[in-house]
Amino acid sequence: MYLIVLLLPFINAFFLGFCGRLIGTIGSGVLSTICMGSSTLIALLLAYEILVNDAVVHIELYKWVESEILITHVGLLYDTLSVTMLLVISSISTLVHIYSTSYMSDDPHVPRFLCYLSLFTFLMMVLVTSDNYLQLFIGWEGVGVCSYLLVAFWTTRIQANKAAIKAIVVNRVGDVGVILGMILIYKTIGSLDFSALEAGFVKPPILDNGARLDPWAPWAPIGILLLIGCIGKSAQLGLHTWLPDAMEGTDSNGSRAPQHKWTAGVFLMIRSFPLFEKAPLALLIITIFGALTAFFAATVGLVQNDLKKVIAYSTCSQLGYMVLIIGIEGSHNVGLFHLFNHAFFKALLFLSAGAVVHSTNYDEQDMRKMGGLIHSIPFTYTMMLIGSFSIMGLPYLTGFYSKDLILELTYSGRNMGVPYFISEQGHHLESLEGSIGSQGGDKRPWGGAEGSGPAPLAPPLIALWPESEPSRGSAFAFWLGTFAAFLTAFYSIRLVYITFIISPNSSKESLISSHINIVDKRVLTVLSLLCFGAIFFGYLFQDILIGDIEHPIVPPFIKVLPTLAGVFGMSLSLLLYWGFDSIGPLFILPIYSFLGGAWQFNHTINKLIAIPFFNFGHWGTYKTLDRGWLELFGPQGAGYLGTRVSQAISNLQSGVISRYALVLLSFTIIFLSLWG
């Protein structure tokens, strides 16, 4: 059972890849539904065994790498984290497979698409069930390659090809961070197995006064390197630019498939949390990055007019919430809970958006050219509205249970203060600078009397972080996250209002087929199941996924502030768009342009990084080094020198007898003079 749940998507991908044309579109859809549906049922059985019974299953299949410096097994680890991810991956992937058979019914390449999608699902399952970093990295790279294939599925779309190349290039930055982090982990603890993280020697000891011993030097770089991997894979601020382009340049169905890839970075950080516990600096950076990402993506989503781009930036913002709560010590399970909830209401939004785009004759994506669709596709409108309410975190919907808890824990979060230092003998030192000064003077808390000769070297210092001080980073993240919740409500209602409620902005011919796609029972079933998840799963799974994390005691105003922010954002959006055709005139034009250009990140990165590196690569390494010095002193130079020497030698073979006689006579004279 533990192996079959992984093998079924691989078997499906194998048969569709080699026999897809033989079984056709209908056969591919049936085979995919059977395989993926069976995998989901097995995942449900595993969820009952692992989640309900609180069990952990570790299976070692065989030795993979065995050498003097590294021993690694191929194994499977099933715990709360991996089974939760497995349940999300299998269920959402199954629904996307079913949805695709209807959405792409007229496409002749359905078997190839389903093959890519099944292979993506298999590699994502490999990633989340791995028991070591090396095996995880195989799934990590595999989902990157498969997402490239899915984004660039329609190879005739230039924008899709550009988006796919951009995605895989930007993700390489994060991959470098993961590789360096793995190397540093192995150098530090001597193993890449996750079991080593839970063995106990990674857990920092606690002193009687509540302070925590932490030789933080190796752990902070590890945390920062793994965070870089998460920033690349989960589209956090700085390396987020690939995600909106991937959404805009592709079909909604094809872009929905790699959604689990975005959560791979969050999964890596939750899995590595025992390492982050030893690096308070890394936790603080994680919190700040998550809050900034949530705020940044929400501000950009305010002014987007492309339907898929709005949802893409909302995804980026919600990923920021997940990363934010991981930085609050002891609350990483809440990040997993929000990941679980987000998968269902975001899938509902994506697939509903696909139905909207597909319902128009021209596959229009610009919301400004829609309007009035509530009368044509009322079921899709209802699904989109429920998904928007859930992502806003309105009470008693799925998003409410995790989003509000994230902000409450962030508000009450405690972070490590400024560290002070002690020696291994327990002598208190106010700061590292103070300890160095004591070592250079006559104060010798670690032994030695004044005037007794050179001061002995100071023993290794141990940093301590007092746990009683509130975190300024947590307060900053809370207010930024709350404001992002207000912005989320604003742009979510803006999307629904412009797309469905306002007067139609397109001709009747473009909307005449608006209900052709939605009457398909497969689409109705998929959206209905996702709607159920967007309403009830937060309540049903909160106790299982949160674990022993208790709701913090916060002031009543803070308790209701996220909900009030969402209601205020929704009301303000309706008020503004009820009286104005566009929010553009309400903004100062530079601010509107700044947000519309996504804070000019693409322009800045191109100007400061991409173009200089390209010029250096072309004129520096290629023209000057490769085609210049290396060619001059390498193959080209050797060839030129050989040609000139051979030409000089060939000139001696002139065929003139007098020249031959002269050379013979000259060497005869030289010989006689030397030996005479």
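Heads up, residue numbers simply count up from 1 along the chain you see.
Glycine too: its Cβ is placed from the backbone N, Cα and C atoms.
Given the structure is predicted, the values throughout are model-derived calculations rather than measurements.
Record features, source TrEMBL:
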type	residues	note
DOMAIN	64-113	domain 'NADH-Ubiquinone oxidoreductase (complex I) chain 5 N-terminal'
DOMAIN	130-412	domain 'NADH:quinone oxidoreductase/Mrp antiporter transmembrane'
DOMAIN	491-672	domain 'NADH dehydrogenase subunit 5 C-terminal'
TRANSMEM	30-51	transmembrane segment
TRANSMEM	71-98	transmembrane segment
TRANSMEM	110-128	transmembrane segment
TRANSMEM	134-155	transmembrane segment
TRANSMEM	167-186	transmembrane segment
TRANSMEM	281-303	transmembrane segment
TRANSMEM	310-328	transmembrane segment
TRANSMEM	334-357	transmembrane segment
TRANSMEM	378-397	transmembrane segment
TRANSMEM	476-502	transmembrane segment
TRANSMEM	523-541	transmembrane segment
TRANSMEM	656-675	transmembrane segment
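Comparison of 30-51, 334-357, 476-502, 523-541, 656-675 by number of C-beta pairs under 8 angstroms to the transmembrane segment (71-98) places 30-51 first.
Most Cβ pairs under 8 Å with the transmembrane segment (523-541) belong to 334-357, among the candidate stretches 134-155, 281-303, 310-328, 334-357, 476-502. Annotation: stretch 378-397 has the most Cβ pairs under 8 Å to the transmembrane segment (334-357), among 167-186, 281-303, 378-397, 476-502, 656-675.
If you take every residue in the domain 'NADH dehydrogenase subunit 5 C-terminal' (491-672) and average the pLDDT, you get 83. Below 8 angstroms of C-beta separation, residues 64-65, 72, 74-75, 109, 112-113, 116-117, 119-120, 123-128, 161, 163-165, 167-168, 171, 175, 178-179, 182, 192, 229, 233, 246, 249-251, 254-255, 257-258, 260-261, 264, 268, 271 of the same chain, each at least six residues beyond the ends of the transmembrane segment (134-155), sit close to that stretch. Mapped onto DSSP classes, the domain 'NADH-Ubiquinone oxidoreductase (complex I) chain 5 N-terminal' (64-113) shows 28 helix, 11 strand, 11 coil.
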